[in-house]
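The following features are taken from TrEMBL:
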type	residues	note
COILED	B:276-330	coiled coil
COILED	B:441-475	coiled coil
COILED	B:675-702	coiled coil
DOMAIN	B:42-146	domain 'Calponin-homology (CH)'
DOMAIN	B:155-261	domain 'Calponin-homology (CH)'
DOMAIN	B:757-792	domain 'EF-hand'
DOMAIN	B:793-828	domain 'EF-hand'
């Protein structure tokens, strides 16, 4: 269940990946499961790993400028829809 | 001789002069003359003879020889008589010597009597013919009678004669008379003398000094011819003698004197006469003047007195003041000259009298009535009248002043009063109350009351005016007529005002009463019209009331109400008539008494028209309402039919659904037969249900009709369409779910390898703890269940398990979830990788799977599930229709690999 946003100061990080799928990370959770969208795995050598900005445990909040409302389906669609360039915004 | 002349000159002009001195002179002369020059003697003789003859010829005689002819004295006496103009004593007639001497003596006496002292002249010598003595005597006579009485200015005798000659010859420059001898030698003196008096006789300019004889002769000629002076001298004698005889010259010249001076004397005498006459005339003039002046004055007095006695009063102060002014003018301008005249008259009179007295004339007696006393009396009378007049004037003026003052007062009072009354009659005659409202009339009434008291206050003013008019009449005011007219006018108007005031009061009172009545009626109308209007408004509302009825009972009750309402209409109509009746009464009163209604009812805005029109509207609405209600009845009945129809159906369908629900739940709950058997049964049910759909549809149709007819309730059935729908959907859902459950159970069984018996066990446990028998367990049930199975869990553990069992936090545990949980412990857990591996196998080791492969390998439902859920595979090696099973798999497990 999406909890009420706590008054916790989040660190926001933005990343721009290019090159196309696979991007090299695993996304877990989502509104369907009552969990936040979290990056649970980062593949070594993958594009995410190479950019060295994202870490395991980061919550995905924005894809390609679109703020997410939490549904994994939505996220998947947005990510899959990115062809060459993928812009991600996370918070931790 | 000169000294004698000088001393002589000091005496006055009168011929009664002191002769003593003359005496002496003559004696001296005579003494000297005794030493007579023979030439002179000759001259004298000639001259004296001529002279005597010039006188004697008047007596008609003459002498030839001066010595001889006077011897007897007769001619001498005659001469004296002629010269003096007086009678001598009678001459003696005798021829005797003594007679002659006596006569001569008479003559000599006469001469003596004339104041001439004859010395050394005796009568005897004369008688004896003594030439010298005779000449001397003649000279004495000449001197005495011709020269002595010459008086020129204040000089007389010889000096006088000389002066006379000098005076007369003064204008002639070539003549210079200084003496009686040499000065006369050139003859110019004589000519000048003649020319002076009678310029027509000699042309003096032609005379020349160097022709003395001519001149002399001219003079002698002219004198003899024209002046009646006989020649007494000889031109040659005079010219040839160095110093001509003075006496002769004097004698001759004296003739000239007498000739001219006679004229002069005549002139003088005439002058004297003139003077006397003038004095007389003057006196007469003065008398005339006096008379005239006196007449004038008396006339003026006579004229003036009546004017002053006139006591006719003038009308106006102005006129009287004019009179006073005239009087003042009279006193200041007109009278003073007359006073002066009178004074003058007196003076003149006195002067005249004095003059007359002094000049020995009789006193002046003015004519009758013009006497001084008359004038004085008249004057006194004048002054008396004056005084009376002045007094009278002042009295009159005072009287007029008073009258004027009164008249002015009267005018003022009248004016003030008139200005107050001005317009009041019009005001009182106004009919303003005819179209006024009650309030206005009351105000008018109050105003009128105020006016009435004002009127009363003015009463005494009118009386004052009348009093003054009366007084003016008594005092005989000149314009009493107009005063009376005005007073009368005012009094008449006053009466009129009183009458009009009373009339107005009556009218106002009357109108007020009427208006009060009308006002009352207005109020009643208002009181009745308002509630009636309200009632009508309410009725109209009710009649137009949009009703929503849902049952026949409801519409029936409305109809009943409406009928009840209709029953009240007659009553209402009566009320309406009554109300309108009030209004008609108002109109009637107004018409009868001629009151103009403003048409406004102060108590209400409702007009009779409003009431009437509203009533008509109400009446009009009633049948409409009837119609509406009847229509509604029909509609309700139709609805009722629909309801019954629906109800009939619903009452069948409802229970059927319920039955089916129970049956289905039983099937799933009951542990009877295998899952497949259950499945079949359920499928049968499903078929039934599907077949039954048409009923639902039909019901839906009925329901729609009901809804279209706005039927919202149905007491014939407890089942609403929603119930049925819900029930139906529940049924569908239930059957589907139950089937699905069974399918899942089958799957689970197959997947987990659970036997039927196990499954039945699970089922029994679940049912046991499913206390509510709804195919679900709440957490307490579940917990109890776990405990019964030997799982003694703490809170935390239990919570974890709950999250596993109920990840969506629905609060219930489904049988499937229960089974999952139960079997999870025993069976292998699949992971996303495993699923992915499975898919890979199915996909023949590709990274994607095709739709066909899914359909081929999986049961149709799951295949479709996968097809619909899987995203398109993105990758270069993907064909069309390639699906991404990898993301799908991780997504199943909550993970997506991207």
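Glycine is treated like the rest: Cβ placed from N, Cα and C.
A quick note: this is a predicted structure, and the numbers were derived from the prediction, not measured.
Here the domain 'Calponin-homology (CH)' (B:42-146) returns a mean pLDDT of 85 for the predicted model. Panel annotation: around the domain 'EF-hand' (B:793-828), residues 668, 741, 744-745, 748, 751-754, 759, 762-763, 766, 775-779, 781-783, 785-787 of the same chain, lying at least six beyond its termini, place a Cβ under 8 Å from a Cβ of the stretch. Taking DSSP states H, G and I as helix and E and B as strand, the domain 'EF-hand' (B:793-828) has 21 helix, 2 strand, 13 coil. Note on the domain 'Calponin-homology (CH)' (B:42-146): DSSP counts are 72 helix, 0 strand, 33 coil.
Across the range of the domain 'EF-hand' (B:757-792), the DSSP-based residue counts are 23 helix, 2 strand, 11 coil.
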